[in-house]
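Asks: Before I ask anything, let me first share the structure, which is written out below as structure tokens.
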């Protein structure tokens, strides 16, 4: 019996009928705290990694090797005043930052950390994740409109156009996963990648979806970078022409909430990519399966997050028209064609996804 099973059994005996509610709240709080810590140190890792790419040290003053820098940043933002523009719509202006964070946290309800370790093991988990993660753009639009600033509103309009352009391609990439796994349940999708010719010979990583669905994997991940408004797709903020886009009139913790949502969404995109295409908690080789599955999931997510940062440090920012062209004229045709190819592949004698 695992530690969580022991706690669950002991709590049920102690609190009786109230325990399921208490246990659900405890699990939600634990996941939320872990995500917040991951965001804090993801920002530090980003600054460190980009510093090394620039041949400099990065943050190294607060605490040993700069490890307390995230805490100093949080304290600074907590102490800053939230200054509201006089022409802004008060309540919408204040609600918008909260609306960006809530969907980012809500997606974690269906992401499995390892077998049987998920907050809500729902059968439509993939559909839920895609629907919830798409809501955040409405908060960006709301922030741009409520600020009553032409720069903020222009950034919000860019966010809407960018979301529409890349959401369709992401949707088709996820349709391919649904076709091959035959389920919308994220745990079952991971399970569908744990069998096949290569998995039977102990080489698990060659049975994961990244290999047969490589175009969809690339489209999904690059579209995820665009959906999170990360460099080189950060025209929503557009420092060179619209200063900071929808965030230009925000300060203090209201400003910090937008960045919190951005980094949580980075982790969400990486976690979903690892779950859908990289085997989730599955070990790359059978002889390593004794290591807890959550370790492999964290390792894959960390690697994908490092790619996020590497892309930021490497590529110049695209023009707005180039971003639209990539979404509509490259990614959308590629995913549609690959849906057709995989459909015929599954109906042929060469079908590798036979259950």
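Any Cβ shown, glycine's included, is placed from N, Cα and C.
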Asks: According to Swiss-Prot, which stretch among 25-45, 46-66 corresponds to the feature transmembrane segment?
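Replies: That would be 25-45, the stretch labelled transmembrane segment in Swiss-Prot.
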Asks: Under 8 Å for C-beta pairs, could you tell me which stretch among 126-146, 170-190, 330-350 has the largest tally with the transmembrane segment (91-111)?
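Replies: The stretch I would name here is 126-146.
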Asks: Considering only the recorded stretches 25-45, 170-190, 253-273, 330-350, state which has the highest number of Cβ pairs under 8 Å to the transmembrane segment (126-146).
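Replies: Checked against 25-45, 170-190, 253-273, 330-350; highest Cβ contact count belongs to 170-190.
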Asks: Give the one range among 25-45, 253-273, 330-350 whose Cβ atoms make the most pairs under 8 Å with those of the transmembrane segment (170-190).
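Replies: So the stretch in question is 330-350.
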